[in-house]
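According to TrEMBL, the feature transmembrane segment maps to 15-34, 40-57, 64-86, 98-114, 126-142, 154-173.
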Amino acid sequence: MSETKDIPIVVVERIPFWLAVALTVLVSMPFGLWLGEYNFALWCAFIVWAEYFALGAKPEAMKVVIPSFCYAAFITAITLTLTPFLDFLPDVCTSGDLTISVGLFVGVCFLVYSMRWSDTFKQGSLPFFNGMSMALGLYFTGSFPEMGIVPGPFAAAIWASVMCLFGCFLGWFNVTITFPLEKNDFGEDET
């Protein structure tokens with residue numbers, strides 16, 4: 001009986017990765033500069049782009065990144081919306097400092113506890129935590145557009161989710177424009 005060995009497959013980038021990254025940044029810039037009130041928070045999208053790579057740089061990563069990130073962003077919005085119910089707490093150094101600190105403590109406790117309910121959230125712990133941090137970052141810096149009657153925390157969560165989708169697109173685009181080609185060790189194209 002003859003023994004067959006697995007032939008290692010290598011991926012050859014027909015456009016170098018360093019150039020693909022720079023082109024991806026170039027493609028993203030109009031979204032951060034030309035949309036006025038709706039300029040994208042590119043720093044948020046770039047973090048998701050990095051998550052896409054951290055989770056394998058394949059389209060399947062989006063199945064983990066998007067639900068984990070967006071769930072955490074919206075739980076953070078709920079937390080921020082409910083925090084004013086703690087307004088009875090005293091101020092320590094600045095107005096509302098204890099209120100927001102205790103509110104976020106309770107919200108983060110729930111958020112992290114809820115990770116156990118989903119294998120996707122466990123697998124996507126990086127985008128999960130970034131969904132929370134990006135929603136907070138967008139909210140506290142005001143880096144989101146006004147959305148009519150939508151409360152600020154939810155507008156920030158919606159915008160964070162849009163940035164998540166854009167970041168996933170950037171990750172996919174970055175890989176796609178390298179025009180990767182799989183070859184075996186003998187230099188033959190794999191089809």
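Cβ atoms here come from the backbone N, Cα and C positions, even for glycine.
Against the transmembrane segment (126-142), stretch 64-86 has more CB pairs under 8 A than any other of 15-34, 64-86, 98-114, 154-173. Long-range contacts of the transmembrane segment (154-173) within its own chain (CB-CB distance under 8 A, at least 6 residues past either end) are made by residues 24, 27-28, 31, 40-41, 44-49, 51-53, 57, 59, 61-62, 65-66, 69-70, 73-74, 76-77, 80-81, 127, 131, 134-135, 138-139, 143-147. Contact count against the transmembrane segment (64-86) (Cβ pairs under 8 Å) is highest for 98-114, out of 15-34, 40-57, 98-114.
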